[in-house]
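Annotated in Swiss-Prot:
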| type | residues | note |
| --- | --- | --- |
| DOMAIN | 1-44 | domain 'KRAB' |
| ZN_FING | 192-214 | zinc finger |
| ZN_FING | 220-242 | zinc finger |
| ZN_FING | 248-270 | zinc finger |
| ZN_FING | 276-298 | zinc finger |
| ZN_FING | 304-326 | zinc finger |
| ZN_FING | 332-354 | zinc finger |
| ZN_FING | 360-382 | zinc finger |
| ZN_FING | 388-410 | zinc finger |
């Protein structure tokens, strides 16, 4: 029986008790209430908020006449208003779409004076400031599609089968939203409003799930791996990892991504955009994470420390690669010869031995190399650079391996002093 209360809640503009209304419904009678005499003169009952819809008694002139006026029934000496059967029998599937509500609200705003009229439901919707003095407590007035007031606007809505007042702290309230609430009430839909953010729900389950997000609860779990999320959209996006669906495709190279944010970052490769700039040196980066890692060069911060040897790194991937030296793990294996490597870059260079690919070419002589490090060593022949210097004799070399061989000669020339024989002599 309570579900019918939302349908007749539009009678709230007229003073009648809720228990009496429910009793009428239980007896199978058509709900009705007494119409104040002021309403027959086109006035809303005193003290009723302009933002809340109320039924228009028949016979009152309005800018847009309807074909079938509301039926009035006399009881005793005073007139009584019968709730239209069409409103009572309306179902959820007849709910007016939001776009239609917005268009209807825009049509209402052309009225310059008098009560605002909802033609589809034969309801008045608020009044203008010209009639402010006749309404007693007046929270605001319609102007250009918005509800404006110097005080708090009060909007009456249905929450959990009860009538409450929701105070809008801001000075402006979108009248389209008021019309949307009005239509949902007439279509037997109950609103559940979140007190934290003001978001509305027409399903109690959705309302309860939403409130848990404010408490930090992760109520949406992945059925594949059990990972939980606070928001349903995040859970849906995560499940694409398991399904392999990549709906976001780059129009330049056709590469697809699971997340839209990854596509945006990828597109910066094509555009060359680097929106994240270092304040210390002015260097730009395409990703914010890259900027954060770069800034550690200036600050000297190395938050990732190896537990085996104590060596620290600026990036976590660098620490993971370093730890393979202690564990001996070689996760990257060549499919041609089965040789394993600690780093993917080493595997890529090794595979060029099988493919014969030499992408690094010397600009001076045209000689090509498998890896860039070999090209750099070769170019020192042309430049004459010798960065490796012997500490014993000062001789310099272009390659570190040649320096090591040279230092072994100095080691052979130096006699070994036996500390034990020296002690025996004394």
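Cβ atoms are placed via backbone N, Cα and C, with glycine included.
Bear in mind that the values here come from a model prediction, so they are computed numbers and not experimental data.
Mapped onto DSSP classes, the zinc finger (220-242) shows 11 helix, 4 strand, 8 coil.
The helix, strand and coil residue counts that DSSP assigns across the zinc finger (304-326) are 11 helix, 4 strand, 8 coil.
Long-range Cβ contacts of the zinc finger (360-382) within its own chain (Cβ-Cβ under 8 Å, at least 6 residues beyond either end) map to 349, 352-353, 398-399. Below 8 angstroms of C-beta separation, residues 265, 268-269, 314-315 of the same chain, each at least six residues beyond the ends of the zinc finger (276-298), sit close to that stretch.
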